[in-house]
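Trainee: Dropping the structure in here first, questions after.
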There are 2 protein chains.
Amino acid sequence: MELLKEKILKEGRVEEGNILKVDSFLNHQLDIELLNEIGKEFKKRFKNENITKILTIETSGIAIGAITAQYFNVPVLFARKTESKNLDNETYESNVYSYTKEKNYKIRVAERYLNENDRVLLIDDFLANGKALLGLIDITKQAKATLVGAGIVIEKGFQHGGDNLRNNGIRVDSLAIIDSLEDGKIVFR
Amino acid sequence: MELLKEKILKEGRVEEGNILKVDSFLNHQLDIELLNEIGKEFKKRFKNENITKILTIETSGIAIGAITAQYFNVPVLFARKTESKNLDNETYESNVYSYTKEKNYKIRVAERYLNENDRVLLIDDFLANGKALLGLIDITKQAKATLVGAGIVIEKGFQHGGDNLRNNGIRVDSLAIIDSLEDGKIVFR
């Protein structure tokens, strides 16, 4: 997606440890116009898939999921990372390994909102090692829902999570794939 | 807002400890059509205020903030509750007391995205004791931005955070104010 790549080149900042900061438009301040273009692009790519639900994960997936859902006319469901009094007791749970924090954390989705009749599109801002996405896939399976695929805004191709998922037959559509951030230079696939 | 009140009466579940669960449409699963109506209503109420930025707080404020921002054509900024590698080093910080967790937590906003030229509308899903909103107001002040007011989806009137803020001259517009949840019965103001 050209508009997105231009925005990444213009506003993205590469920092130590292969970190790409896009907090001016994607995960702290949100450029709602760009998010709408992203939502339209996901709709274009998954329009024939009869999606019934968008599943994402807090925090940074929520805005993208919500804006995208407008184009599919379906509800969004976001997995929670922390215990919350807003959540049911009956939940699907999955363990996600965080490389940055070097530990597992639990994600949860209330059982009542996801079931075997659902056709699920996963949405997230970043895909690196793919562990968060694996957690969402696990929860989709527990619900016996149909996994249609994943729509990702930025994939860090050099961390191979996306390719591993594709090799396992999972459809992963990333709007921008970055193959290198070495020497502070953003190289797209 | 009648549509919202009807939804709360139809799908809200009152649980022990004056908890109102609205996770079927507001803070776990998201009813995007309703969120759009909420966004339109906030626009109607604040349309003459020349809002330049919507400020909200993770997690449950994000979707409402993002959908609402479409009607104002402005960016959204969400305060982070946790340390995040996505965040700058230069941040406005405020301490928020959580009654449920009985402790303080920090919220943070990157300095570069909020300044004296901004006219800020605060958005959140719930207002109870008002401590989270006080944190956002504190950050708005630190940035020397102009606080226009707060748009809240559901105010728990019996916890008096909203009235305290109004008594201090802050405009708080809540789309539904609940005065009691006693005996599991939802009573609107």
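Backbone N, Cα and C define each Cβ position, glycine as well.
Sharing the features that TrEMBL gives for it:
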type	residues	note
BINDING	A:L20, A:N27, A:K156	xanthine binding site
BINDING	A:A128, A:N129, A:G130, A:K131, A:A132	5-phospho-alpha-D-ribose 1-diphosphate binding site
DOMAIN	A:36-157	domain 'Phosphoribosyltransferase'
Trainee: List which of the binding-site residues A:L20, A:N27, A:G130, A:K131, A:A132 have a Cβ under 8 Å from any Cβ of chain B, in sequence order, or say none.
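Mentor: Going by the Cβ criterion (under 8 Å to chain B), the qualifying binding-site residues are A:N27.
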Trainee: Check the Cα-Cα distances from A:A128 (5-phospho-alpha-D-ribose 1-diphosphate binding site) to the binding-site residues A:L20, A:N27, A:K156 and tell me which is shortest.
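Mentor: In terms of Cα distance, A:A128 (5-phospho-alpha-D-ribose 1-diphosphate binding site) lies closest to A:K156.
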Trainee: Across the whole of the domain 'Phosphoribosyltransferase' (A:36-157), what does the mean pLDDT come to? Round it, please.
Mentor: 95
Trainee: Within 10 angstroms of the C-beta of A:N129 (5-phospho-alpha-D-ribose 1-diphosphate binding site), what count of other C-beta atoms is obtained when all protein chains are considered?
Mentor: 17
Trainee: For A:A128 (5-phospho-alpha-D-ribose 1-diphosphate binding site), name the DSSP secondary structure in the helix/strand/coil scheme.
Mentor: coil
Trainee: Most Cβ neighbours within 10 Å: which of the binding-site residues A:K131, A:K156 is it?
Mentor: A:K156
Trainee: Based on Cα coordinates, which of the following binding-site residues are within 10 Å of A:K156 (xanthine binding site): A:N129, A:K131, A:A132?
Mentor: A:N129
Trainee: Run through A:N129, A:G130, A:K131, A:A132 for me and report the binding-site residues whose CA is within 10 Å of the CA of A:N27 (xanthine binding site), in sequence order.
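Mentor: Of everything listed, nothing lies within 10 Å of A:N27 (xanthine binding site) (Cα to Cα).
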Trainee: Give me the Cα-Cα distance between A:A132 (5-phospho-alpha-D-ribose 1-diphosphate binding site) and A:L20 (xanthine binding site), rounded to a whole Å.
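Mentor: A:A132 (5-phospho-alpha-D-ribose 1-diphosphate binding site) and A:L20 (xanthine binding site) have their Cα atoms 18 Å apart.
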Trainee: Of all the Cα pairs drawn from A:L20, A:N27, A:K156, the residues the record ties to xanthine, which distance is largest, in Å?
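Mentor: Largest pairwise Cα separation, rounded: 16 Å.
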Trainee: Among the binding-site residues A:L20, A:A128, A:A132, which residue has the largest number of other Cβ atoms within 10 Å of its own Cβ?
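Mentor: By the 10 Å Cβ neighbour count, A:A132 comes out on top.
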Trainee: To the nearest whole angstrom, state the Cα distance for the pair A:N129 (5-phospho-alpha-D-ribose 1-diphosphate binding site) and A:L20 (xanthine binding site).
Mentor: 15
